Amino acid sequence: MAQHPIILGIETSCDETAAAIVSADKRVLAHALWSQVDAHAVYGGVVPEIAARAHVDHLDHLIRQALSQADMQLCDMDAIAATAGPGLIGGVMVGVVTAKAMALGAGKPFIAVNHLEGHALSPRLTADIAFPYLLLLVSGGHCQLLVVKGVGRYHRLGSTIDDAAGEAFDKTAKLLGLGYPGGPAIELAARSGDPKRFSLPRPLTNKPGCNFSFSGLKTAVRRAAEALESEQGGVHDRDLCDLAASTQAAIGDCLINRTKHAIAQYLEDYAPKAPALVVAGGVAANETLRQRLTGLAQDHGLAFYAPPLWLCTDNGAMIAWAGMERFQIGQSDPLDSPARPRWPLDETAPPLYGHGQKGAKA
Ligand code: KG4
Ligand code: ZN
């Protein structure tokens, strides 16, 4: 029986150091991850310099751990993939240089993965989802609606004009003293809060198109907290939960409204045979959002997919899988390909050369 290709994936673009090994038949053979959250929590956000140093400290042993979990050696890999951007450049360089060195030493192809493509294709690791699908990509640094037409083929329908959805969660949580990362903290506090108590803005929701805006939210929450201070002398636990629930509802309403517009455009432009709505990125871990998107998809006759929670936030398996999708269509990258702090997904560059697999495309 033919052996399925196997790829090692490395992720170092933000505050998670991760290495994972996946096979072409969608088995996650190893998954090792070091979250730097504790190192950054005291600052209320990611400190790039601390992140880059921590990747240097942890990446090597995570790669060893992944190989040992899979009971494999470097020579068993068919390619080495790493996030080459977008992200904090110090961290991206650590992953890219490590992957290139391993690829060179082992004589294997190197695959430079766009981190956003990692999120975008991650749902296909755990479910069979046909192209084209509509993707709501919501993370700490990005908030976009895209039609995923194929590997490396993306049509952006809209994106945020200021903050990303995860950033809105993080900034609001910091303001309320709920901790970092903000998304899980707000979600937890919101469970016992009243989402209707505070009337927070939902920018752009009555406008056509699929763009997002979240920057006004933090200011509105700050004003509400200041009003409580002057009216009752402080923000009590009950208020915090209500503010968290109201924030989550406002962000959710914006995401749902914009996605509704995108569904109409996706159905009209693509008339897909198997219409599907997919959510990916760290904010996709939010249970309330997952439920609301499930309902929205049902209302419009779309299937709905969300990756398991561990695959929503940054991890190595999504990078290994995106590498696999590219490897399977004959793509790899030269060892002088750059680390890119900015790299829009709809500008995913065609490979400079293929590694000669059947079906290789320029
Ligand atoms: O994809 P990710 O791990 O890193 C980036 O590529 O940015 O996303 C991290 C973001 C953070 O802003 C975090 O607050 C948010 O995802 N997040 C959540 C939840 N879990 C993580 N937001 C809302 N609800 C959650 N449960
Ligand atoms: Zn991410």
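Note: Cβ is positioned from N, Cα and C throughout, glycine not excepted.
Per TrEMBL, the features are:
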DOMAIN    28-321  domain 'Gcp-like'
BINDING   HIS115, HIS119, ASP314  Fe cation binding site
BINDING   LEU137, VAL138, SER139, GLY140, GLY141, ASP170, GLY183, GLU187, ASN286  substrate binding site
REGION    332-362  region 'Disordered'
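Mean model confidence for the domain 'Gcp-like' (28-321) is a pLDDT of 97. Ranking the binding-site residues SER139, ASN286 by other CB atoms within 10 A of the CB puts SER139 at the bottom. Figure note: comparing Cβ neighbours within 10 Å for the binding-site residues GLY141, GLY183, the maximum is reached by GLY183.
Counting only residues at least six positions away in the same chain, the Cβ atoms of LEU137, SER139, ALA280, GLY281, MET318 sit under 8 Å from the Cβ of HIS119 (Fe cation binding site).
Looking only at the binding-site residues GLY141, GLY183, ASN286, the one with its C-alpha closest to ASP314 (Fe cation binding site) is GLY141. Long-range Cβ contacts of HIS115 (Fe cation binding site) within its own chain (separation 6+, distance under 8 Å): GLU11, SER13, THR83, GLY85, PRO86, GLY87, ASP314, ILE319, TRP343. Other Cβ atoms within 10 Å of the Cβ of LEU137 (substrate binding site), summed over all protein chains shown, number 26. Not one of the binding-site residues LEU137, GLY141, GLY183, ASN286 has a CB under 6 Å from ligand 2. Among LEU137, VAL138, SER139, GLY140, GLY141, ASP170, GLY183, GLU187, ASN286, the residues given in the record as binding substrate, the maximal Cα to Cα distance rounds to 18 Å. Same-chain neighbours of the Fe cation site beyond HIS115, HIS119, ASP314, judged by a C-beta within 8 angstroms of the site's C-beta center, are, in sequence order, GLU11, SER13, CYS14, THR83, LEU116, GLY118, SER139, GLY281, MET318, ILE319.
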